[in-house]
Amino acid sequence: MKQFYSVVLTIIIYISSQSNVVSLDCRKLNEDCSKTVFSPCCDPLSCALSTAFNGKCKACLAGGYFCWRSDECCSGTCSWLKCTNPLTDIINKLTD
């Protein structure tokens, strides 16, 4: 049952992140957000989550932040639900 709720919650978050928010209820730069339909960031901002459902609206997401799409990331790449950091990725590959 726990997995069911997790899947439903993931779907809700995904759908809410896909919609273009134009309403007056959206959050502006550096305001609190949750990456849900309840407190979304205004376009083209993205919610940088620090904990579950708690973050700040940013122009783009730095490496390591939770993402759905590559256009949310400053690097332009969202891989496995995280924004990549090209410099850190190169350093990690060289030191492995």
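Glycine too: its Cβ is placed from the backbone N, Cα and C atoms.
Given the structure is predicted, the values throughout are model-derived calculations rather than measurements.
Candidates considered were C60, C67. The record in Swiss-Prot pairs C78 in a disulfide bond with C67. The disulfide partner of C60, as annotated in Swiss-Prot and taken from the candidates C41, C42, C74, is C74.
Here C83 (disulfide bond) is positioned 8 angstrom away from C74 (disulfide bond), judged by their C-alpha atoms. In sequence order, L61, A62, G63, G64, Y65, C67, E72, C73, C74, S75, T77 are the residues of the chain that are 6 or more apart from C83 (disulfide bond) and have a CB within less than 8 Å of its CB.
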